[in-house]
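A.B. asks: Have a look at the structure that comes next, please.
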Amino acid sequence: MSRSRINGNFIDKTFSIVANILLRIIPTTSGEKEAFTYYRDGMSAQSEGNYAEALQNYYEATRLEIDPYDRSYILYNIGLIHTSNGEHTKALEYYSRALERNPFLPQAFNNMAVICHYRGEQAIRQGDSEIAEAWSDQAAEYWKQAIALTPGNYIEAHNWLKITGRFE
């Protein structure tokens, strides 16, 4: 049984109903429909904190999805799960892969910046100021890209860039 049929959340049910209607009326291939079904089930599992199940669905969706834009969101969600699991190297990889397909994902740039900033803070605690500076510089570059895509968002990042002298 499709995960969307067993989910008790009203919003998820509403989304599933609308998605099913769209799948019926929009001309798409069976592969695209199947990819979307896996993506939808992945989002449902992810929203419930069932990350292993979500990853299985997302991996299957990436195997089937041919549209780069749609793949970017699947890859982004895989990155979110790896971030939640503390697997930062994998998360950075998936955010990068998402951005290769869709360079207009400010949230991916932001999440990459947050990971780099965190690693910089870790390096400071370990007494390695050179590594900390490199991670902070990388965080700054990612935040600049996120801010450039969505001016007015990421106010805290914007302030951090100013305070640290990294805003140009």
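Keep in mind that glycine also has a Cβ here, set from the backbone N, Cα and C atoms.
Heads up, here are the entries from Swiss-Prot:
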- 35-68: repeat 'TPR 1' (REPEAT)
- 72-105: repeat 'TPR 2' (REPEAT)
- 120-153: repeat 'TPR 3' (REPEAT)
A.B. asks: For the repeat 'TPR 3' (120-153), give me same-chain residues lying six or more residues beyond its boundaries with a C-beta closer than 8 angstroms to one of its C-beta atoms, as numbers and ranges.
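C.D. replies: The answer is 104-107, 109-110, 112-114, 160-161, 164, 166-168.
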A.B. asks: Using DSSP, break the repeat 'TPR 3' (120-153) down into helix, strand and coil residues and give each count.
C.D. replies: 27 helix, 0 strand, 7 coil
